[in-house]
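**Q** What follows is a structure written as structure tokens; I'll ask about it next.
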Amino acid sequence: MSLTILLVLANHVQVMKITTPANAQIVHSGAACNVKDDNISERIYTIKEGDTLVLQCIVKGHPRPQIRWTKTAGSASDKFQETSIYNETLRIEGIQRVQGGRYYCKADNGVGVAAIKSIRVDVQYLDTPVLTVHQTISDVRGSYYQEKTVFLRCTVNSNPPARFIWKRGSMLIEQSKDNGVDIYEPLYTQGETKVLKLKNLRPKDFADYTCQVSVRNVCNIEDKSVTFRLTNATTPPMIRLSMNDTVVVDPGQDVLLTCEVTAGFPLPTVLWSRYPGPLPLSAQVRGPTLILRAVTPSDAGFYNCTAVNNVGNPARKNVNVVVRTMGNLTFQITPDSNKDSETIQMGRDLKLSCHVDATPQDKVNYTWYKNSAPVFNSDSLILLRSDPDMAPGTSSLEIVDMKFRDLATYSCVANFPGSRVPELRVDVNISQNSVSPPVLSVPPGGQVVNVQEGGNADLVCLVVDGKPRPPILWSRTEKDLLMASGQTMVETPDGRLRLKNVSRDMMGLYRCQTAPYNGLNIKRREAQVQLNVLYPPILDPVFQDMRSRNYQMVTLRCTVLRSNPPRLTDIRWFRNGDSIRMPMPDLKETPELKFKLEPTNNGSYECRVSNSAGTSTCTFNVSAQPYNAEFYFDTPNPVRILKGNNYSYILQWTQKDPEATDRIIGYWINLSQLNQRNTFTSKHSDPEKGVLLSHTISDLRIPLSYEVRLAPITTYSTGDYISRIIQYSERKNHVCGFEDERICGFTQDRSDVFDWTRQNHLTQNPKRSVNTGPETDRSGTKEGYYMYIEASRPRVQGDKARLLSPLFNVTSVRGPKGSGRVPYCVSFYYHMKGKHIGALNVLLRVRSIASVDTVQWTRSGHQGPDWKKAFFDISPSGPFQIVFEGIRGPKYEGDIAIDDVSITIGKCKQGNTVASAGKTGKIDSSLSGET
């Protein structure tokens, strides 16, 4: 069936001002162990590590708020800190301990101040404990005898703090019953630690020792333990290496590192690791031996051998594996620096320098040749194996008081003696014509390079004269800017810097300069090149939706924010793709189009602005079509009426900015089910901004669901449709013992001060107030759950917590004696023990356009140490909820609890029994309404 309704505007419609600021509340629906309030007025969500965290941010307000999740107080590496999640539900599968912390839900709808709620997620875990043994031997009474003391240290990481139990064999160790032991917690330890001290070791002390840790089954985390056998042979590990501390090898060689265990009982376990980074993928560990096959330079690093048997401290040895490498070989020609010379001159000194980038740098051997003959130290030729005036690892040959006989070809050869790494060689020709200072030049027209954004560019800086010609180094003139490669400087052998896919942030001034190597080591020559990136105009707005009344003037304005080149070449306006004829606009003014909006000229308008680099567009959707309506999402569930097997639904919505367009005269409502269509009309009034409109849709069939679509209508046009689904649901019986963590669909009220907490005996705070609150649930079992309010700080007198039942739809079945209202029986158990008990109220909340609460049952003050039962009848006039309202008394001994809540159709009967929701225990009741 599809039903279309035309709502015509009139003055008798029921309206209500409904624009309200956002309100938020965080509830959980994941694998929570417990949710409670702590002493700093925030909720704590306790969850087991590895379970699924599900937090829902329930919001209220109209228009519907946007929701954003953020997190603080977690690990700095936690990616969620850097990312905002825009969703009502936050879900984290397999939560880890580092993801604990404070989560914030922010709801904002632009009305008033945004609502922010927080909840602290406490991730519970228990690692396997680690047990280590330490021993000391001390002289007593002047070395007449020695006393051996053994310390068994048990360490574990857990949340909450773990409880430790020590056993010798299967017997529990109690310090009060054994003078030979001492159990204590040491200071300044990482994690939680307990030490078992065995004083003056006795024969019976040689036994199996077990350290058992427990978090008291919180979140169903089982206890864990570790066992160690102490004997008179127990000793810490000792190791030695079969090689030197530093191993230097050629690439491609195999390396065997052996770590021999020389002492230790129990037999130590040998572990190999590497710093930095993990072991290479090709590494093989065979017992105490580590094998590195065909090493490469990336395999270099410190390899660590660690022997562990949990006695004393682990034994450690390090091996530094160095893989020989030899990279770029460069030379420098330095004229007589004492004379500020830049050329070779007879009678003056000259230095030739040679440097190779190698590993290890200090193992490189340099050999100098003159015309292929080895050079030896003499009065005129001085060899410096490591020149202190140059970079470390640089060899120099100084020519003193240069003569014609010194004009020759000099060669520098770098190698690793005894290595298979190939040697490197560089030749330098020294003659009066072979060495001259470089001249750096930018080609004509190359001082400014223009390039289209996204294109490629070549910046050119040439050495037009000079021998030998050095490479050219490029950098940005602004010191904080990097090159496109991310480096501060880029070397080019020919002086051409090639830039690809140029972006506007690469625009600016570039510096080119001669390198101080592979040429004369003199003052650097430098020049500059300007890179100018051309891009089309950047416009605002890129897109704008404009609504207006027909026959009113509309102004479209397209602002040029920036452009390169800044000079515009053309401005054109289009409507629906067709050019608009108009006088040539002033290219120096902001593009603007003014016209009177009519039904015939609604449409898409474009302003196309061009410069020599390209064209950009501002797009305007200009229309007299009204804005969409927005459904009021807090509308109650469908209301079932008495006529036949039908129900009705109150559809509610608001109209966005109704004054922006022509007067809205009505609304189309299309109701669809089984693709059948019908049409009828209904009258309404002019919508106003922030005013709630409503329409009752009748004769809906139970239990069918419907899609309803709604669109505003003006004299000239119809707005876009919005849609929602109407689903009928009815609860006849509801029994809840709060055993399920979803608490049977009960929810916390968003408008109260604090929340009810789900708890059982096993999850009670051990530091809680002992003179208030129940020990167990109503059935007396430690595992059974109940709901309670915590009266401790920060609660103050009069603070209220409200727990809402699921929404019940009224039924068409008639009540007794022809009554049109159906009776329901509400029964529950309550616990009100404590000298500071406030009050417990049970209210009936009937849902309509506005909700109405009426008190149906109340108790205040101390009611004794036992659970008591109460029940009463209600006959609601519409959809309803039961509200349990706990009010805090004057001080902290005022916890109130409820359990086994039942809401069923029909009046309460004598002997009324509340199903115990999976619990045991007989329930007695009477017509008095309380037992």
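Note: Cβ is positioned from N, Cα and C throughout, glycine not excepted.
In TrEMBL, annotation is done automatically, which means it is predicted and not curated.
These came from TrEMBL, pasted as-is:
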- 1-24: signal peptide (SIGNAL)
- 21-122: domain 'Ig-like' (DOMAIN)
- 129-227: domain 'Ig-like' (DOMAIN)
- 237-320: domain 'Ig-like' (DOMAIN)
- 335-429: domain 'Ig-like' (DOMAIN)
- 437-530: domain 'Ig-like' (DOMAIN)
- 536-623: domain 'Ig-like' (DOMAIN)
- 635-732: domain 'Fibronectin type-III' (DOMAIN)
- 734-910: domain 'MAM' (DOMAIN)
**Q** Please figure out which one of 335-429, 437-530, 536-623, 734-910 racks up the most CB pairs under 8 Å against the domain 'Ig-like' (129-227).
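**A** Comparing 335-429, 437-530, 536-623, 734-910 against the domain 'Ig-like' (129-227), the winner is 734-910.
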**Q** Based on DSSP, tally up the residues of the domain 'Ig-like' (437-530) by helix, strand and coil.
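**A** Taking each residue of the domain 'Ig-like' (437-530) in turn, the totals are 3 helix, 46 strand, 45 coil.
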**Q** Can you give me the average pLDDT across the domain 'Ig-like' (129-227), rounded to a whole number?
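**A** Here the predicted model's pLDDT, averaged over the domain 'Ig-like' (129-227), is 87.
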**Q** By DSSP assignment, list the helix, strand and coil residue numbers for the domain 'Ig-like' (129-227), in that order.
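**A** Going by DSSP assignments, the domain 'Ig-like' (129-227) contains 9 helix, 55 strand, 35 coil.
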